[in-house]
Amino acid sequence: MAVKMASSRIIFLGMALLLAAHASAQLSESFYNAKCPGGVQAVQNVVTSAVRNDRRNAAGLLRLHFHDCFVRGCDGSVLLASTPGSTAEKDAGPNKSLQGFAIIDQAKAALEKTCPGVFSCADILALAARDAITFIGGPKWKVPLGRRDGSVSLASEAVSNLPGDKFSYSQLISNFGSKGLSETDMVALSGAHTIGLTFCSKVTPRLYNFPGSSTGADPYLNTTFVTSERKVCPNTASARNNFLLMDRTRGGQTFDVNYYNNVLSHSAVFKSDDALISTSSGRSKVIKFASSQSTFFSSFASAMEKMGRVGVLTGTQGKIRTQCSRK
């Protein structure tokens, strides 16, 4: 009986992987050439304008795409608003600091004027992440299109699927592996922490209240880093929601390899960042990326293209939402 059940699970998993591969294969960079000519450029115009006005928007748009793909696949479900009977992904704890929704809405509104009911919110998210990172000097990657939008968005699934900022190396590998991403993909995508912001509340426990520390700070952290971060994040209740740069080098809004140097010098914000050099395999990858921006950019671009294919809906699956926040 147990053998039959195990065999059934293997067959089911195999079928699921085949279906996912088939859906992914239906994506194409030319998908909108006939249906919505100029649509891809329209998204780029909105995104570059937003990032030109505030470079912090690049990190927001990249994070939106990541948080979308890791929950139910890249189906735009992170954009859906909560309803009286259901709390959506965007209102889950890990997503409360997400930004960039208004930019996606602006791009969608522009597309609805020229080709209504054609361009999916999921595709806008994928393009916006790429265009934003390229604009601030990061790599460019292919974004095959044809994703359709999902109709289910549950806060509980965001909590259970997104990687935590205290994850160990093995937990990170397992979490990314469940999305079909490799160990190298995981280390490369972690490099996104070279831009963006987080709340002081995320780091103050490591600066002031670390268990067993005589100074209050996590002894793993570089003392110079602790001193500088304490100036930004004083140990007060009013400072909990102050913003802290993930990478203070070059103002924290330049896409480069400095994040990996921070990890190596014990000057990264999260325990999950520290985890990258907790194993010889992880450390070797961090050193490789830290020493070669071209290698990092190539690996990051490859990982982003793979991530953009996770769990996509195509063909007659899903729908095309006319407003990204509504089913």
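Along the chain as shown, the residues are counted starting at 1.
Glycine is treated like the rest: Cβ placed from N, Cα and C.
Out of Cys74, Cys115, Cys121, the record in TrEMBL bonds Cys36 through a disulfide to Cys115. When TrEMBL is consulted, the disulfide partner of Cys69, picked from Cys74, Cys121, turns out to be Cys74. Recorded residues Val71 (Ca(2+) 1 binding site) and Asp247 (Ca(2+) 2 binding site) have their alpha carbons 26 Å apart, per Cα-Cα distance. Recorded residues His193 (heme b binding site) and Asp256 (Ca(2+) 2 binding site) have their alpha carbons 10 Å apart, per Cα-Cα distance. On the 0 to 100 pLDDT scale, the domain 'Plant heme peroxidase family profile' (26-327) averages 96 in the predicted structure. Asp68 (Ca(2+) 1 binding site) sits 24 Å from Asp256 (Ca(2+) 2 binding site), taking the Cα positions as reference.
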